[in-house]
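Trainee: Encoded as structure tokens, here's the structure I'll be asking about.
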Amino acid sequence: MLRIGLTGGIGAGKSTVSATFNRHGGVIVDGDVIAREVVEPGTEGLTALVEAFGPGILLSDGSLDRPALAAIAFSDDDKRAILNGIVHPLVARRRQELIAAAGDDAVIIEDIPLLVESQMAPMFPLVVVVHADVEVRVARLLTHRGMSEADARARIAAQATEPQRRDVADVWLDNSGSPDDLAAQALQLWEQRILPFADNIAARRTVPSPTTLVPADPTWADQAQRILARLRTHCGHLATRIDHIGSTAVAGLDAKDVIDVQVTVESLAMADELADSLLSAGYPRKEAITADMAKPDARSTVTEFDRSDDPALWEKRFHASADPGRATNVHIRVAGRPNQQFALLFPAWLSADSEARAEYLAVKREAERAGVEGGIDAYADVKEPWFDTAYRRAWAWADATGWRP
Ligand code: ADP
């Protein structure tokens, strides 16, 4: 199962996107529809509302008088809290029921207008944001939905801002063109990213990591923040800390386009406990790097940070992204071990020492060239000797500057 979070400001065009996904097999779980369903006549939700707010919130046919309820709830914070306390759990339960009924192979599209406002983005392996400029949305809401201009603007002003939506967007769909343009973007996203992502999750398969260096991408830091938020939500208390590590954590350094993240845990048993949560976050386990592994065999997956002759020092668990749109490595290491500490130290040292950064870039370029001809071993033969001295130099820098993880 893959759960996609779909959001966008009012009038942005979410309906076009969810309709496209739905036509191609996505199961739509629509927050607005559920919110209406749970207070239909005869529901436990409507009964609870009448108990709380009195029969004045009903129309003569017994259905909910929404404006009457809104007038009560929005006049008073306590009343609004009571309303939310009744409706939110029912919505959450109904949402869970629909998701469970969709089955293990389903791709679920959760259409959540207030996804950003309710801080739900990190729950999803992928967040899709539909965007149109405010003026465009106002015009569409007037023309197609019969809203007054004042109403449209007030609703837009009450919602999250464009920068807040950008912060959580793994995918940004622009709806300034025609509905057909948007549907075409949505279809391409579905076929090229969402379906392969879902297949990978089902097969517990990770996407191949890129092998070539690319110019430093100034958005890597923000992309990493989104991934860290997602991992924090899915790892909960089992993670002591979660950090952006590796070359993409060093501003301005050319690197392979893969975000490396370290999840620090108290024990490898905890890392194993995290495996299912990481899978549902979009990161299947790649391979367990265990103490009984012969080190040379592990060469392709043990990074430079894990090199020690004592296997107990380089043991870790390793997950990677199943999303074809965002290569990510998730290294799970034990708090306080040298490999965990060095992973934190290395980007800090490179960020502080421009000479070391330039040297490292040169080594990476040479390793890349060697790797093209001689494969992973040739690549490692170039990189490892440099790391031997880098390890000592980085710790010397830490001692001299007082750096601590
Ligand atoms: P949302 O679900 O995000 O609030 P909708 O999908 O309902 O927004 O779109 C708002 C209104 O604008 C709808 O009436 C829709 O028909 C119209 N609309 C959406 N996209 C376009 C577009 N590209 N061009 C013109 N009208 C559009």
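Yeah, the Cβs are placed from backbone N, Cα and C, and that goes for glycine too.
So TrEMBL lists the following for this protein:
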type    : residues                     : note
BINDING : G11, A12, G13, K14, S15, T16 : ATP binding site
Trainee: Could you say whether, by DSSP, T16 (ATP binding site) belongs to a helix, a strand or a coil region?
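Mentor: Once the DSSP labels are grouped into three classes, T16 (ATP binding site) ends up as helix.
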Trainee: Report the residues of the chain - excluding G11, A12, G13, K14, S15, T16 - with C-beta within 8 Å of the mean position of the site's C-beta atoms, for the recorded ATP site, in sequence order.
Mentor: G8, V17, V130, A132, N175, L182
Trainee: When the number of other CB atoms within 10 A of each residue's CB is tallied over all shown chains, which of the binding-site residues S15, T16 has the maximum?
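Mentor: Neighbour-count leader: T16.
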Trainee: Just to confirm: which same-chain residues, 6+ apart in sequence, have a Cβ under 8 Å from the Cβ of K14 (ATP binding site)?
Mentor: L6, T7, G8, D111, P113, V130
Trainee: Sorted by position, what residues of the same chain at least six away from G11 (ATP binding site) have a C-beta under 8 A from it?
Mentor: A132, R137, V138, R140, L141, R145, A152, I156
Trainee: Out of A12, G13, which has the highest number of nearby Cβ atoms, where nearby means within 10 Å of its Cβ, if these are the binding-site residues?
Mentor: A12
Trainee: In the three-state scheme derived from DSSP, which category covers G11 (ATP binding site)?
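Mentor: The three-state answer is coil.
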